[in-house]
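S.K.: The following feature annotations were taken from TrEMBL:
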TRANSMEM  12-36  transmembrane segment
TRANSMEM  56-76  transmembrane segment
TRANSMEM  83-107  transmembrane segment
DISULFID  Cys148-Cys169  disulfide bond
TRANSMEM  202-223  transmembrane segment
Amino acid sequence: MARGCLQGVKYLMFAFNLLFWLGGCGVLGVGIWLAATQGNFATLSSSFPSLSAANLLIVTGTFVMAIGFVGCIGALKENKCLLLTFFLLLLLVFLLEATIAVLFFAYTDKIDRYAQQDLKKGLHLYGTQGNVGLTNAWSIIQTDFRCCGVSNYTDWFEVYNATRVPDSCCLEFSDSCGLHAPGTWWKAPCYETVKAWLQENLLAVGIFGLCTALVQILGLTFAMTMYCQVVKADTYCA
């Protein structure tokens, strides 16, 4: 009876981890694709220049693949050490995510202030050598969201030491249009505009986060159940 239960849990856990591993492959593939085709699009942060979408996806995909692989092998081999390793790794990720979420909501105001200060520092790297990614990122953000600067278009005045903005701030794009009068530029602040867009899509983000948490809890349940079944089976055989 115990052996039959173990076999059932074994195949369920293997199927779960196979999907988990395939999901990691997909995330890694998207990250590599972004790095290869959109490598010139990088982070807006001056403090974390490597924190681009491509790099985040590559790191996340690799980590998910590693956890899924450990879970698959642990399930197939009915190996207590691998099963416990999988459980602990997944638990660590779950607790880390929960901690980050709690800290984010607890220190939202401080994070807002720091983010705006960091983004304004990053403006000074716009158009400079070796910062093509940041330059393109700002150009795309300002064009797509119809905004200019972090908190105001005057943020760019400190960068250029003149009354001008990048051409991506213009209502109608043309070469050197950033030298024209302020009436020809977008007035909306980019930080608040992007923040408002994220808040409008908060439900989708919340559903994604909830689904991720449920999948992780399911993985933890499978791992611990199988670990206990393996221990029970070993005791029974002994």
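Positions of Cβ are set from backbone N, Cα and C atoms, glycine also.
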S.K.: If you count every Cβ pair below 8 Å, which range out of 56-76, 83-107, 202-223 shares the most with the transmembrane segment (12-36)?
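M.R.: By Cβ pairs under 8 Å, 56-76 leads among 56-76, 83-107, 202-223.
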S.K.: With an 8 Å cut-off on Cβ-Cβ distance and a minimum sequence separation of at least 6, pull the same-chain contacts of Cys148 (disulfide bond), or say none.
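M.R.: Spatial neighbours, sequence-distant, of Cys148 (disulfide bond): Gln142, Trp156, Val165, Cys169, Trp185, Trp186, Lys187, Ala188, Pro189, Cys190.
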S.K.: Quick one: give me the count of other CB atoms within 10 A of the CB of Cys169 (disulfide bond).
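M.R.: Here the count is 26.
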